[in-house]
Amino acid sequence: MGMAPRFNFLLHAFLCLALATTSFSLSPKFYDNLCPQALPAIKRIVEAAVHREPRMGASLLRLHFHDCFVNGCDGSLLLDSTSAFETEKNARGNFNSVRGFEVVDQIKAEVDRVCGRPVVSCADILAVAARDSVLALGGPTWKVRLGRRDSTTASRALADSVLPSASMDLPALISNFKNQGLNTRDLVALSGGHTVGLSQCVIFRNRIYNATNIDPTFAKERRVTCPRTGGNTNLAPFDPTPARFDTAYFKNLVKERGLLTSDQALFSGGSTDKLVETYSKNSDAFWVDFGKSMINMGNIKPLTGNQGQIRVNCRKVN
C-alpha cells in the first residue's frame, strides 16, 4: 500500500489523539457560541438568592469546593442516592450541612430554558455560581474556566475520606490539599472563603472549650450560643462580617479568634503565618490569590469532551 496512505492514516490517528487530549481543556469562552445567555442567567439567579439570604453565597461557594475535592469538579455532590450508589450528601463533611441545592435546581431550569436545551453542565453551574456568589458578597471576580461535564456516579466513601475536617492541624491540611494538587498558598487563600458564612456549634465546640491558642474573650462570646451539651446546630459566623467578603477572617486569625481548629491552624507558629499576616493587611493580595486558587481548584480532574454527560436534572443521572 505505498507510503502516502499509511502516512495519512498515522497523521489522522495522531490528530485524533491530539484533539482528544488537548482541545478539551477548560476555557472561559466555552459557552460563548453554544449559549451566550447562560452566564448572565446564572448571575441573575445567584444575585437574587444571595440578596434574599447572604448565607446562600457561602453555601454555593462550599458546594463547588466539596464537589471538586471528591473525584474532581464533576457535579457528583449533586446526585441523590440510587440503588447503585449512596449520595455524597450523607458523607461526614456534608451531612446536615451542605445546602443550596434548590438554588442549583433553579439555576439549571433557567439556564436550560434560555439555552433551549441542556447545554450547561451542573458541574459548570457550581463553578460559576461560586464566582458569582463571591462577587455578590463584595469579593473579587475571576474568569471561570468552563467545559466540565457531569459524572454518572458519586462516592460517599471517597467523600468521607478526602474532605478536610475542621479538626485538622496544619500538616494534615497541607497534605489534604496537596493530594488535590493544591499548594500551601491555595490552602490559605481558599480558607479565606471563611470570610463569609456560618458554622455549627458541633463543629467548633471543642475549640472554644479546650483550645489554648484562643482569645479568651472570643471563646467566652462563642460559648454563649454554643453550650457544652446541646445546641449542636446553633450557628456562629467565622468572622464578624459573615455577609461581606473581606479580610476580617485573616485579621481574626492574627488575634487568635479563628472559629475552627483548622482556621487557627493557619496562624499558630507554622509555615503559613506570614501569608495570613500578608492577607490580613493587604486585601489586594488576598483578592488576586483567591481568584487564582479558585481557578486551580476548579481545574481538579474535570470530565471533558465526550466523558460523562450533561445532566438534564442535576440530582439524577440521565
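Every residue gets a Cβ built from N, Cα and C, even glycine.
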Disulphide bridge to C314 as given by TrEMBL, partner from C115, C122, C201: C122
Residue among C115, C201, C226 that, according to TrEMBL, closes a disulfide with C35: C115
H66, P164, H194 screened against C122 (disulfide bond), Cα within 10 Å - retained recorded positions: none
Rounded Cα separation (Å) that holds between C68 (disulfide bond) and C115 (disulfide bond): 25
Candidates H66, C73, P164, H194, C201 (recorded positions) - the one closest to C35 (disulfide bond) by CA: C73
Chain-internal residues near C73 (disulfide bond), provided their CB is under 8 angstroms and they sit 6+ positions away: H64, D67, A123, L126, A127, R148, M297, G298, N299, I300, K301, P302
Cα-nearest neighbour of C314 (disulfide bond) within the listed recorded positions, H66, P164, H194: H66
